[in-house]
Amino acid sequence: MSSVNSNVLMNISSSLSSLSLGGCGLQGKFPKDIFQLPNLKLLNLEGNWELNIYLPKFNHSNHPQLLDLRGTSLSGALPNSIGNLVSLKDLDLSFMSLSGALPNSIGNLVSLEILALSFTNFSRALPNSIGNLVSLKDLDLSFTKLSGVLPKSIGNLVSLKYLDLRSTPLSGALPNSIGNLVSLKHLDLSTTSLFGALPNSIGNLVSLEILSLSFTNISGALPNSIGNLVSLEILALSFTNISGALPNSIGNLVSLRYLVLSGTSLSGALPTSIGNLVSLKVLDLSSTNFSGALPNSIGNLVSLEELSLEECNFSGIIPRSLGNLSQLNYLSLSNNYFSGQIPSSLTNLTHLEFLDISHNQLQDSIPNEVTTFPNLITLDLSFNFLNGTLPSSISQLVNLTLLDLSSNNLSGIVESVLFSKLQNLQYLALSYNNIYFDSNHTSANYTLPSLYFLDLSSCDVNQFPQFLRGSKVLEYLDVSNNRISGKIPKFMWDVGKDSLFYLNLSHNSMTELEQLPWRKIIILDLSFNLVQGNLPIPPLNTSIFLISNNNLSGEISDLICNVSYLEVLDMSHNNFNGIIPHCFGELSKRLWILNLRMNKLHGTIPSTFARGCRLKNLNLNANQLEGPLTRSILNCGSLQVLDLGNNKINATFPHWLGTLQELKVLVMKSNQMHGSINSKRHMHYFGKLQILDLSNNSFTGQLPTGYIENFKAMMNAEENRDVMPYMGGLDKETNNFYTYSVYLIEKGQEVELMKIFATLTIIDLSNNKFEGEIPRVIGKLRSVIGLNFSHNHLIGHIPPSFGNLINLEWLDLSSNKLDGKIPEQLLNLTMLSSLNLSKNKLVGRIPEGKQFNTFENNSYEGNDGLCGFPLSRNCSSNEVQQPPPSKLQEEDHSKSGIRFGWKVVLIGYMSGFMFGVGMGYVVFQTGKPKWIVSFVEAKHHRRPKKSNKTTRTSRTRS
């Protein structure tokens, strides 16, 4: 029926009692008068999506009992006259555009048994009159915009069996009166804004079969009365703020089939009474704080099909009783602290399809029994301490799509023919073991047609695996840290030609790159090889191109600027010569990181950095570049790292760089820079600066007091910490994160920081011609880790305010003209592990105690007036300890208005050098950024979940 003729419909007898036109495809305007038929008891128009409904003003002469208008085109407010339909038993207005408040008159419908308003736009508070509907059995207000608190009168609905309020903005605490609904079988309040504790009266709902409070702000302990709900079949409390221990009474819920507590703050040991839940099919405790050993009683859950315990704090051995769960098809114990062996009893789990025990502390060899599950699809044992050889029986897992054994201590030869029968394999990761992957086997004439992810990093591979030949779907290939030499074989040119987006060949011995034919490549890492010749140009879609630490030479071709999606370009540690291409200025509109460090580039820095420059990290260190500096750098308003050190730049200090408000690292050491850097006009610059290295230049004048007073990030680096623990660039569109690296002088030695902690703060002004006194304002820089003013012409006393630098790990004031005594306040520097005050004019007793007892003679040599430990020169009896700071000094400090509370973070300072050299390579050199793996996993929805807990410390591999 394409339209409705109201005249025809009005010819219907007035004695009509039932009209059912549901799902008839009606269109047009439905006659309003039909609602007024005096004998009409049932009107069903549901599912006529293009039928326009206009409700009349109802009066007491209307006596319909069922009104089903769901899925029709009815909009606007519900008329107050709806309350006149006192005979109504079933009212369904769901899936409509009704809006506004639910009229208070709804409470007049005292005969109503079913009220369904889901997927409407009703808003505002639920009227208190809802409590008048004492005959109501089914109330569905889900997916509406009803807000405010749930009225206490809800407890009057004693006949209610079904209450669904999920996905509404309802807030406030769950009223205690909810316990009056003793007939309730289904209660769903998930995805609301309800908060507060779960009332103890919840235990009165003894008929309840389904209780879902997931994704709410319900908090506090789970009441012991939860054990009264003996009819409960589904209990879902995931991603709430419920905390404390799981009550023993949980074992009373013997009818329970689904127990989902993931993402809560529940903690403590899992009660042994959990073993009473013999009807349980799904137990999900993932991402909670449960700890201790798994109770053996978990083996009583013989109906269990899914057990998710990942991302908890469970420890001890995996109980053998898990082998009793013969119906189990999904078992995830990842990201815990389980130790010992993988129990051989798991061989009883013949229905198992998914097994993830990764990120634990399991030892010993992989038992053969684990590799004989006939239905296994996913096997992840990565990030453990498993040793021994890879069982040959793994070839029997013919249904396997994912195999991850990476980051263990496996050893021996792994012949690639082992995987020849795994024709369904899509994801294979064997990286970071002690194995030798033999891809030369004479029987290795096979392919893995579904393989899209292959990680053989650090597997002693000496050639590309033959089973990749002809692969059309490969997306991710990592064969870094191996022994591959020569050039890429021709068969690889067609592997993943239209699918490969990640290719890591770094840390091999490759010498030649004939072609880079992969059209879809996004990340291409060729760094740390022996590649010679000119710069190879990557495919045009490349976003990250890393080719550092090779033997490339010649000029940098302008063709690199045609790679239109390039965001990270690292060509450092090569032999490129010539000038920096001017087209890099335009390329800066796309680039995030440009690293040309350690080449032979000359000329000036291009003056073509474009407006809208996106550069965050510009590293031109260790070339032969000359001045002057280009002010076009100011177009790079997001710049965080600028490293121009070790060049031939002859210029004065570029004060104008201070307008780069995001600048965190400024390195201009070892150039030919000169003049004063003290400027009162620019004292509000460099507020976010954390690392300043101007060493080995010819700067003169006094230390820059004005700038120092504005080094806000050095006063409290904790406030400067972002979500990530390292300095880096975050692409908000793709969530890609790149960490930065930098070379610094630490305790007299140049070191490369592969990752820069977000809280790292260093000032190095050594080897210049600064003069005058050290300003007391230095004492405000409480976050500074390293301070080097050595080899200048500084005079006067060491300011007692240095005692405020409580995070200082090294201090070098050597080779100046400082006089007076060493302030006793320096004893406050309990993190100090390196001190050099040599070659000054200091006098008096060396402070004793704490860190000062660890320093040797060379910290003080060349100060003829010093005495006391560790020098052999004893102090005379009239040498006394220095007094505390003067009142003037205390007042000077108090004026700063700075108050700090400190705690040690990341790694201990007592060993010095907090930023953890060796903790891992910068992600775009040798590491595998988590976001890259996550990208593949999200794309295929096949990867088991990995930990997102910030408290979890993953083992790193060198």
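Every residue, even glycine, has its Cβ placed from backbone N, Cα and C.
Because TrEMBL annotations are produced automatically, they should be read as predictions rather than curated entries.
What TrEMBL says about this one:
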- 36-142: domain 'Disease resistance R13L4/SHOC-2-like LRR' (DOMAIN)
- 152-238: domain 'Disease resistance R13L4/SHOC-2-like LRR' (DOMAIN)
- 248-311: domain 'Disease resistance R13L4/SHOC-2-like LRR' (DOMAIN)
- 900-924: transmembrane segment (TRANSMEM)
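In terms of DSSP secondary structure, the domain 'Disease resistance R13L4/SHOC-2-like LRR' (152-238) contains 20 helix, 25 strand, 42 coil. On the 0 to 100 pLDDT scale, the model's mean across the domain 'Disease resistance R13L4/SHOC-2-like LRR' (152-238) is 97. For the domain 'Disease resistance R13L4/SHOC-2-like LRR' (248-311), the DSSP-based tally of helix, strand and coil residues reads 15 helix, 17 strand, 32 coil. For the domain 'Disease resistance R13L4/SHOC-2-like LRR' (36-142), the DSSP counts in helix, strand and coil order read 16 helix, 32 strand, 59 coil.
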